[in-house]
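*Asks:* Attaching a single structure in C-alpha cells format; questions to follow.
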Amino acid sequence: MIWKRSAVLRFYSVCGLLLQGSQGQFPLTQNVTVVEGGTAILTCRVDQNDNTSLQWSNPAQQTLYFDDKKALRDNRIELVRASWHELSISVSDVSLSDEGQYTCSLFTMPVKTSKAYLTVLGVPEKPQISGFSSPVMEGDLMQLTCKTSGSKPAADIRWFKNDKEIKDVKYLKEEDANRKTFTVSSTLDFRVDRSDDGVAVICRVDHESLNATPQVAMQVLEIHYTPSVKIIPSTPFPQEGQALTLTCESKGKPLPEPVLWTKDGAELPDPDRMVVSGRELNILFLNKTDNGTYRCEATNTIGQSSAEYVLIVHDVPNTLLPTTIIPSLTTAPVTTSVTITTSPSTSASSSSRRDPNSLAGQNGPDHALIGGIVAVVVFVTLCSIFLLGRYLARHKGTYLTNEAKGAEDAPDADTAIINAEGSQVNAEEKKEYFI
C-alpha cells in the first residue's frame, strides 16, 4: 500500500509540473492577405516551448506540416523555417480557393491552437470602354460604359475628361458565377460639342490589389461639326492706292472645302485686281469702287458657314507744306548823310550757313518731303536777298542834312563827298534834299 501511494504522488507531481510548464506555452499567428497568384507565408511562433511539436493545417483540416515533416503532397507548399519556437511555411501561386482559416497547433496537454485567416484578393481585369461609334455629330448625346471583371472585393471605377474627374455617373456591381469575384460597370452620359473633338476620356479602375497602380482604358473622341469662319484684314485702315489682303480663317471637321469669295452678293467684279489665292483675297491698288461687303463662305459635309467684312477705302491724307512769311521792306526818313553800299555775297554767305539738315528728323522719315521744304525755303531766301539788293542799289547816293544845306561850304562838302565816291558819275543826280 505504501508503494502504491508513493507512485500515485509521483504521478500527480509530474502532471503538475507539466501543467505548470505548459501555462507559458501558446502559439502566436497573424492573418495574411495576398494577391491572387502571389505567395503567402504562414508563421506560427511559441515564446516558451519545452520541445513540444508544432503543426499547420488548412481550412479543410488537412495537415500541411508537422514540425519539419511535410504531410500534404502539394508542390506549392514549402517549409520556410522549423524549430522548437517557430514553424513557417509558404504557399505559392495562391488561388481564390486557398482563402480561408489556417490552424497552428501546439501539442501540449491540452493541445493549444491559433487561427490565421488567409485573404486572397482578386485582381480586376483590364477595363474596356464601349458605346463609342465614330464619328459623333456635334450636339449628340453620348453614352460610354466602362466594365471590368474578376475583382475581389468589388473594384471602384472613376471617369476623367481633360484630366478632370466626372462625378455624375452610374455604377453597377454584379457577383460572378464563382460567387467569389465581381463584375463592375459604370456608365457616363454627356452631350458633345466641338470642344470635345480630340479629347481623351479615361476610365480608371482602382483596387487594393493593384498596389496604387490603377488600370485605365482610354477613348479619344472624334466630333464632326460645321465650319466656323472669320475674316482677318491685313490692315485696319485701308487707303486708296494701297494693297489689301483678306484672310478667311475656317475651322471645321471634316476640313472645309476651298472657300468662296463674293462681293455684295455677286462674283468679284475685277478679277485682274482681286486675286483669290487659297483662303486669301488680294486686292491690288484700292480705289473707291472697291467699297462694299465682302463675304467668305466655307462648306463641309456637315454644313456651311460664312463671315462678312465691310470695306471702306479711305482717302490718302494731304501733306501740308510749311509757309514762309517774308517781311515787308519799308524806308524811314534819314536825318544824316550816309553812303550805303551792299555786298550780296556777304548776305548770301551768311544765309547759306544755315544747316539744311537741321530741318531733317522733325517730321518723321519722309526725306523727299523734307528736301522739298528745304528747297522752297532756300529759294525764298535767295529771292528776298536779291530784291533787297536791288532796292538798296537803287537808293545808293549822297544825302544832305538840313544843316549841311544852309552852310556856306555846302558845295565843298558836296564835292568832298563826291570825290570820296571816286567811281560815281553824275553825282548831282544822286543828291537829295530834305526840308
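If you go along the chain as it appears here, the first residue is 1 and each next one adds 1.
Glycine is no exception: its Cβ is also placed from the backbone N, Cα and C atoms.
According to Swiss-Prot, the protein has these features:
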type	residues	note
TOPO_DOM	25-367	topological domain 'Extracellular'
DOMAIN	27-119	domain 'Ig-like V-type'
DISULFID	Cys44-Cys104	disulfide bond
DOMAIN	127-219	domain 'Ig-like C2-type 1'
DISULFID	Cys146-Cys203	disulfide bond
DOMAIN	227-312	domain 'Ig-like C2-type 2'
DISULFID	Cys248-Cys296	disulfide bond
COMPBIAS	337-351	compositional bias 'Low complexity'
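Tell me about the setting of these features in this model.
*Replies:* DSSP assigns Cys104 (disulfide bond) to a strand segment in the three-state reduction. Long-range C-beta contacts of Cys104 (disulfide bond), restricted to its own chain and to partners at least six residues apart, with a cutoff below 8 Å, comprise Pro27, Thr29, Leu42, Cys44, Leu54, Gln55, Trp56, Leu87, Thr113, Ser114, Lys115, Ala116.
DSSP assigns Cys203 (disulfide bond) to a strand segment in the three-state reduction. Of all Cβ atoms in the shown protein chains, 25 besides its own fall within 10 Å of the Cβ of Cys203 (disulfide bond).
For the domain 'Ig-like C2-type 2' (227-312), residue counts in helix, strand and coil come to 3 helix, 47 strand, 36 coil, using DSSP.
Within the same chain, residues at least 6 positions away in sequence whose Cβ sits under 8 Å from that of Cys296 (disulfide bond) are Val229, Ile231, Leu246, Cys248, Ser250, Val259, Leu260, Trp261, Arg279, Leu281, Ser306, Ala307, Glu308, Tyr309.
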*Asks:* So if I measure Cβ to Cβ from Cys146 (disulfide bond) and keep only same-chain residues at least 6 apart in sequence, which ones fall under 8 Å?
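*Replies:* Once residues fewer than 6 apart are set aside, Cys146 (disulfide bond) is near Pro127, Gln128, Ile129, Ile157, Trp159, Ser185, Ser186, Thr187, Leu188, Cys203, Val205, Ala217.
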*Asks:* Could you check what DSSP calls Cys146 (disulfide bond) once collapsed to helix, strand or coil?
*Replies:* strand
*Asks:* Count up the helix, strand and coil residues in the domain 'Ig-like V-type' (27-119) according to DSSP, in that order.
*Replies:* 3 helix, 48 strand, 42 coil
